[in-house]
């Protein structure tokens, strides 16, 4: 058969590496008698996997649409003489919301028989209802057991597939527009931060903030409560540190050619520093997913404990963690203990790379609780995951860090060579308390409600300079027409609304949760914020003649809708179909009840309720939906309307989805391409709905609601 799975498209590479085989056989990573199956699986391309966004109200409808329509079309199908396997659910992923198949991107894009399925996947991915993600990368977020009130840090987040899962779990209760928790997603690479923005923006959450920092020196943040400053400790931390990529060989074929043990040896120092910074910022009782375990546990002196997650994902096949290992150099030389390492190699091989020599300490660590996923057991990539719980402060932080003066100089960066011993790393970590404040300072909070780029002397800016985040006051004049027009509930959090400009007309209004607002305003000089907030209103000057120059934005309708008490039209399924398939349908095309409601409103912006909430516009004679193209296709697919044509390829996807293959686990950037959108928003509507709206004369904004 042809090349299938994620590996399709690579130039022919010989899938052999003697050093790799020698290393893994010597360490007995694979159970006895399974080596051939292991290597055979490693040489096979990785199955394509999709995950349905679980928290969105349409998840069940999407699942039924896939099972009853598209999966049935795939069954017994042959393409170029190759039988396509019917998609199957991942046995360990809850509620059948993750599926895998041997279909690859090339077959999906080129086969006329599968073009409709491909168009459906692309559109649902772009609109945030489906994610293409490697199966094993779905495991860490599940094991963190996220709850809506959790404060979460994703330390090495780009390109964002796991971050999307964290956001989903935070919004598990769709009736709560603003969960108490939030996700701070960080990445050291400025360009990859914009991929992270692209992925997270699909979910339209007011509880996500993307920042750009070196995870090994992630600044310690503070919050304010009742006039007092507190250090921000996270309830959950995802610490997906850079690794050698052994387990990605099925997808990243180039690893076969480049693999050596030096890859992991050279990353150890960085991995350990990131892990240390993570556990320092973890709240007591909090959980952290981490891969650098033995040395961290040994130095924690009982402050950290490995969690027994063996029963958390029924159906997942995994091997327990190993308790003994040795190191091999690129030349094939082996070392079982630090004492065997020649002086000349001390800069390359460090004592923290070896297992503890004390049998009692080793037993107390319970390393067997680590989980190793082998490719041949469930047709996945290789993976390692361990969940730590923090029981007490770290020994090098004997007392909780105090707040210090705002003008205290930042600590110097820690040396990044892997030559650091554990003692050096711990000592450096203890001395390096960036942004730990001794005394609360009123001046630390931006009194003008502006969170912008930090001063250049405090933090060097890389990549693009971001526009400021300007929070509005409750008495800002912009709220007067909005309040009256949409009859906003008194409890709408006006203080959480922000814009991205100091001067001129406010073109777009965004909203964040009050918890994220607190973080932003109390750490303006510590964090480089790339993006946050979900758009809820967009300016349309034509609306001024009707009393409000702002129309609703579809991106934020689920967040905003609970607070809107006017300009709502309840419509039938047939009305929704008319609104989404016709450009400017006449009001008379709606059902009688919807017509009557719409005519009572007069001309302006409308908003929906119930299972489908759509932003719309009521004109003099027309009423139509302000919904981007991919969202239109999504809603119509849920209503059973055939929108995907075999003979015509839809072009509604972005480069990241089509060309970069939104398997967010490994997106390759074109270095010459400026991926920052040209506007103040770091993410732009896929359909230019705003420019279309401004060309319509004498029409107004609003909201439409489908009733099942």
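From the backbone N, Cα and C atoms, a Cβ is placed for every residue, glycine too.
Among the candidates 175, 187, 254, the one that TrEMBL lists alongside 156, 157, 158, 159, 160, 161, 162, 214, 240 as binding S-adenosyl-L-methionine is 187.
The range from 591-649, 650-708 that TrEMBL describes as region 'Disordered' is residues 650-708.
Looking at 340-395, 396-451, 452-507, the stretch flagged in TrEMBL as region 'Disordered' turns out to be 396-451. The Cβ of residue 158 (S-adenosyl-L-methionine binding site) lies under 8 Å from the Cβ of 187, 189, 192, 193, 195, 196, each on the same chain and at least six residues away in sequence. Residue 160 (S-adenosyl-L-methionine binding site) is surrounded by 32 other CB atoms, counting those within 10 A of its CB over all protein chains shown. All chains included, 22 other C-beta atoms sit within 10 angstroms of the C-beta of residue 156 (S-adenosyl-L-methionine binding site).
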